[in-house]
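Database features (TrEMBL):
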BINDING   A:Lys87, A:Lys128, A:Glu161, A:Glu162, A:Lys163, A:Val164, A:Glu169, A:Asn247, A:Glu248  ATP binding site
DOMAIN    A:91-278  domain 'ATP-grasp'
2 protein chains.
Amino acid sequence: MTHEAGIPLGIRFKLLSDSPQDSAAQVVSEVVVGDHRDLDTLREFARGCDVITFDHEHVPTEHLRALEADGIPVRPGPDALVHAQDKGVMRAKLMAIGVPCPRHRIVSDARDVAAFAAEGDGFPVVLKTVRGGYDGKGVWVVDSVEEAAEPFRAGVPVLAEEKVDFVRELAANVVRSPHGQAVAYPVVESQQVDGVCDTVIAPAPGLDEELALKAEEMALGIAKELGVVGHLAVELFQTRDGRVLVNELAMRPHNSGHWSMDGAITSQFANHVRAVLDLPLGDPRPRARWTVMVNVLGGDYPDMYSAYLHCMARDPQLKIHMYGKDVKPGRKVGHVNTYGDDLDDVLERARHAAGYLRGTITE
Amino acid sequence: MTHEAGIPLGIRFKLLSDSPQDSAAQVVSEVVVGDHRDLDTLREFARGCDVITFDHEHVPTEHLRALEADGIPVRPGPDALVHAQDKGVMRAKLMAIGVPCPRHRIVSDARDVAAFAAEGDGFPVVLKTVRGGYDGKGVWVVDSVEEAAEPFRAGVPVLAEEKVDFVRELAANVVRSPHGQAVAYPVVESQQVDGVCDTVIAPAPGLDEELALKAEEMALGIAKELGVVGHLAVELFQTRDGRVLVNELAMRPHNSGHWSMDGAITSQFANHVRAVLDLPLGDPRPRARWTVMVNVLGGDYPDMYSAYLHCMARDPQLKIHMYGKDVKPGRKVGHVNTYGDDLDDVLERARHAAGYLRGTITE
């Protein structure tokens, strides 16, 4: 999707990919298949690149520092990206700059977890490995000291957090360029199912204007303080008492910003590309009253193409974005966007299409 | 741009290109460099393709028939495409189905041209080679029998046409799928400079609703009668006495439809891809009150990238589409789109950006 956004600007991508079957590898013309954890591979790949960016956070921080030392611009840079790679570093930094977070502590065993619970409202407690988590992986909600043993088995440091009593989840997406220009997308509502993002509504319905502004300012502040270059997604909890707390950070175009491909004047992907190249940023404002994104998860049908017929015929305004991934149950294999003036209608159209593509709706 | 539109649907393109420097060859991952006039090349290329389509009309009709005979779907098919390849065939067919055209005749020498002129309002007369013309090439406006000799030198049949006393040029863009579904984009105004499309305004300002409807119906009728599959652009003259006459046909996404990339719910490229695959067509309606497209022609600067800084900073809503072509004076190397509620403002923004990219505006 980043490549797609680069085409109109004549930006040529070279891709380092785990496999030739990767989504991006199917559409980018210059692909190097290799391991992003291997410094020699990265160095060889980086030769001749004007700038390096990412669609995930898993390149080791120290390798990025080595590339920078070689004189290759890395955007976002390792000093910023580490906050999206390591939840311990992220929490410490956010606290230091005064950003409200859930109560949390690095814990070293189940007894530690019990102590952390006792200091607050008791169990349940959320445990997260500080590195490597994704879409609910590496996250446990534990109800007792017995259950708390599991997360420590991987030997990775574990972060304990209070289970926030939230009304809903929000996301504030911002983009920042090297010379400090920044833009904020409208704050969206993000609905999760089984720990995986399912639906995003832009803008978040009924969100108090003051709270929306506060969330945007908070995201812009984090981007600035952390020296982010490119897209920053700040996942937020909206609490019952009208506050927002930071849940997670992502430093790349993010699922909570996919709506912008069809719903904003400039998409998150286009603005990420602009920021990485230090070009002036595009207008992030919405083009429609409501835009809804629903993820398409892998379901019963290995081939979703035949479902296009029904979905496109039923809704000529529907925007389908499939990633060319092998369909596996529960895997994010695409998303749909819809927009319009009537939120119920827009939601129904997006959910119907996503459900039909997955195979959970058959009429 | 067609590849760009195929990415979200997971459509994989294989490209036959004259050169690895071609615009499309820079972004499509599977590229075969070869001559589209050579049947063996075409046959080898077509192996394993589900369907073949085009971004120009220059593949010889008889080769397309051979591919069809081999069982490869060609869309648009040769029986339709010939009307966009050969202006003599096009005029004969349009007359046969009752579509209003300028007065015309195939002529064989300058004396024939003089006779044609004498039967009408005299000189000037427009002469066109029936094949191979493009962007004003292969077209002459002659004022005397002496000037009329030039077009015959190439040895290609020549079509004489009256020089229509038009108010402005319009274009009606439609898309038709194999099972007969068709959609019509709003009729646009197309402004030419030196025979090359410069500005397109969607929809055509102040166009009488009845005439607009008539033009759309005419284009849909032509698509049906000619058996077009994919995008059909019908270039029109709007005459002083309130009629529309057909100027040219193009059977592919067309310059007069580039506005739709940012201005319509479904772009001409997305609908062309859908039609070629016999998928239901997307909504062609505009997303903004006015959308303006201005072509970027090659100018004084071989590298237009530095102009991005000014253009993007001046207008965060601007949409730049560059084709990755070598910059040569007067060559179409990209276009810009702008949209909004105020036509004067939208026009000014698009013209400024295109002029700045070309180098004719420097403030």
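All positions are counted from 1 along the displayed chain.
Just so you know, glycine gets a Cβ as well, placed from its N, Cα and C.
Heads up, TrEMBL stuff is auto-annotated, nobody curated it.
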Out of A:Glu161, A:Glu169, A:Glu248, which of these binding-site residues shows the lowest number of other CB atoms within 10 Å of its CB? A:Glu248
In DSSP terms, helix, strand or coil for A:Lys163 (ATP binding site)? coil
So the record assigns A:Lys87, A:Lys128, A:Glu161, A:Glu162, A:Lys163, A:Val164, A:Glu169, A:Asn247, A:Glu248 to ATP. If I measure every Cα pair among those residues, what is the longest distance in angstrom, as a whole number? 18
If you draw a 10 Å sphere around the Cβ of A:Lys163 (ATP binding site), how many other Cβ atoms fall inside it, taking every protein chain shown into account? 17
Overall pLDDT of the domain 'ATP-grasp' (A:91-278), taken as the mean: 95
Including all protein chains displayed, how many Cβ atoms other than that of A:Lys87 (ATP binding site) lie within 10 Å of its Cβ? 25
